[in-house]
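Before any comments, here is the structure.
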Amino acid sequence: MAASDKSVDDSLYPIAVLIDELKNEDVQLRLNSIKKLSTIALALGEERTRSELIPFLTETIYDEDEVLLALADQLGNFTSLVGGPEFAMYLIPPLESLATVEETVVRDKAVESLRTVAAEHSAQDLEIHVVPTLQRLVSGDWFTSRTSACGLFSVCYPRVTQPVKAELRANFRKLCQDETPMVRRAAANKLGEFAKVVETEYLKSDLIPNFVQLAQDDQDSVRLLAVEACVSIAQLLPQDDVEHLVLPTLRQCASDSSWRVRYMVAEKFVDLQKAVGPEITRVDLVPAFQYLLKDAEAEVRAAVATKVKDFCANLDKANQVQIILSSILPYVRDLVSDPNPHVKSALASVIMGLSPMLGAYQTVEQLLPLFLIQLKDECPEVRLNIISNLDCVNDVIGIQQLSQSLLPAIVELAEDSKWRVRLAIIEYMPALAGQLGQEFFDQKLRGLCMGWLNDHVYAIREAATLNMKKLVEQFGAPWAEQAIIPMILVMSRNKNYLHRMTCLFCLNVLAEVCGTDITTKLLLPTVLLLAADPVANVRFNVAKTLQKISPFLEASVIDAQVKPTLDKLNADTDVDVKHFAAQAIAGIAAA
């Protein structure tokens with residue numbers, strides 16, 4: 001009996017298992033089965049994949065979204081498994097079905113895979129198989145199929161004949177005028193992409209009327225997507241056409257009644273500026289930029305504030321300084337004292353970038369007063385953004401002009417009640433120290449850096465130890481020996497064991513930058529002293545530290561001082577101390 005069973009066609013087995021698993025009640029089993037599709041297709045061979053597997057998958061597209069998403073993803077890479085590009089049309093039916101389901105992510109993935117498969121078709125097969133699919137989706141009863149159709153125009157259009165192209169343009173126009181907002185939204189989303197493959201004459205005659213219509217749609221979610229299309233269309237047209245065909249709509253979007261549309265204009269402003277060129281920017285976009293800088297909605301002002309530096313950088317060089325001083329700075333001054341902290345913070349992150357454009361004199365005259373106001377702002381993010389962008393100003397006027405005003409702001413941030421603010425200023429401290437110089441740092445900021453080592457938040461203490469290492473890299477080992485190592489070693493005698501542990505963490509990182517002499521002479525004796533600490537946590541950190549600093553010690557020192565201490569710790573009563581001591585002994589022996 002067993003022998004006759006064996007003689008049954010074994011090639012049916014993989015598909016039988018797949019069918020069983022795909023019908024299983026367990027979603028995870030069905031999902032795993034879908035993810036193994038390529039293996040099963042290989043086992044079946046190209047012909048049976050086309051004749052059995054694909055039809056089976058097409059019939060079973062009624063499942064959990066997670067399974068359908070995996071299926072849509074797999075089918076995009078299936079062309080070689082059905083026999084190559086000449087058989088790619090077999091993948092269209094299941095993907096077409098997936099492109100009509102209710103769940104958006106499944107539809108999007110199905111369209112992405114359809115685009116991949118369509119690109120693998122020959123031009124002839126594209127017209128025979130893909131274009132009819134697109135037309136079926138366009139005329140589908142459910143809006144889901146019509147939204148999916150929007151994503152296929154740009155892959156079909158370049159490779160079809162003129163009559164079919166005219167049909168596709170008519171179909172796209174139909175979708176732009178669809179009664180369902182979701183379909184119009186999908187059309188607006190793909191309009192810019194479609195515009196790139198349409199001939200200029202038809203772009204003007206067919207697509208721009210669609211664009212104008214979508215930009216006046218009664219749904220703001222459609223209008224804001226038309227702004228994105230505006231960038232693509234402006235890049236494709238000569239200057240004169242941009243002025244007549246695109247700018248009226250752009251002006252209208254910049255003053256739209258919906259803040260979401262104005263926000264999108266603000267987000268895309270620099271892209272629009274690059275697309276329309278310097279002359280249109282000077283005449284039309286500068287007033288629009290001013291309008292957005294004083295927008296009633298804080299989100300719009302914040303979005304456009306982040307574009308101030310890039311917008312100014314892309315202005316025509318011949319008029320750049322004059323436009324900034326006369327047309328941009330007056331509005332920027334108002335934003336410096338904006339009632340919304342997000343707006344001020346957004347501006348503070350870019351305003352320093354105007355310095356190189358304006359030069360030393362205008363920076364001191366025009367920008368310095370604004371920086372000083374922002375350095376005193378009650379919002380820590382504003383002060384932090386100014387301090388973390390100081391290098392722009394430093395390059396133009398030198399830090400001396402700002403150093404006295406900087407100090408109070410740095411101190412306030414260093415002692416801010418929010419630990420994330422303290423963390424941010426610590427991470428910026430090495431760069432700041434480099435700009436302010438060693439003398440200023442030693443006088444004004446060294447105490448702050450030492451204070452962070454005793455902070456009650458572990459993340460701050462950890463960042464402070466790394467800060468010490470970076471400062472030594474900046475100022476050199478001799479400075480460390482004289483300025484900070486004595487203060488760190490004092491911590492080893494602190495009554496609080498956390499301070500003694502922080503001392504060890506510092507010695508760990510300082511050994512890397514201080515070299516053999518200082519490590520042997522100053523750091524090692526303190527580590528060895530702490531090996532007899534009453535707290536087990538300190539003792540096992542001694543073992544870890546000895547392993548870390550051993551590469552910076554002479555072999556004779558390791559043999560005479562490090563190994564005996566580790567042997568002693570290896571006999572400790574605490575299990576963790578013994579564990580880390582044994583680990584350190586093994587690590588040093590292997591090095």
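Glycine residues also receive a Cβ, built from the backbone N, Cα and C atoms like all the rest.
Over in TrEMBL, the protein carries these features:
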type	residues	note
REPEAT	14-52	repeat 'HEAT'
REPEAT	91-129	repeat 'HEAT'
REPEAT	168-206	repeat 'HEAT'
REPEAT	207-245	repeat 'HEAT'
REPEAT	246-282	repeat 'HEAT'
REPEAT	285-322	repeat 'HEAT'
REPEAT	328-366	repeat 'HEAT'
REPEAT	367-405	repeat 'HEAT'
REPEAT	406-444	repeat 'HEAT'
REPEAT	523-561	repeat 'HEAT'
REPEAT	562-591	repeat 'HEAT'
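For the repeat 'HEAT' (328-366), the residues of the chain that approach it from at least six positions outside its boundaries are 286, 289-290, 293-294, 298-299, 301-303, 305-313, 320-321, 373-374, 377, 379, 381-383, 385-386, 389-390, 392-393, 395-397, 401, judged by C-beta separation under 8 angstroms. With a threshold of 8 Å between CB atoms, the same-chain residues lying at least 6 positions outside the repeat 'HEAT' (168-206) that come near it are 131, 134-135, 138, 143, 146-151, 153-154, 156-158, 160, 213-214, 217, 219, 221-223, 225-226, 228-233, 236-237, 241, 245. Note on the repeat 'HEAT' (406-444): its mean pLDDT in the predicted model is 80.
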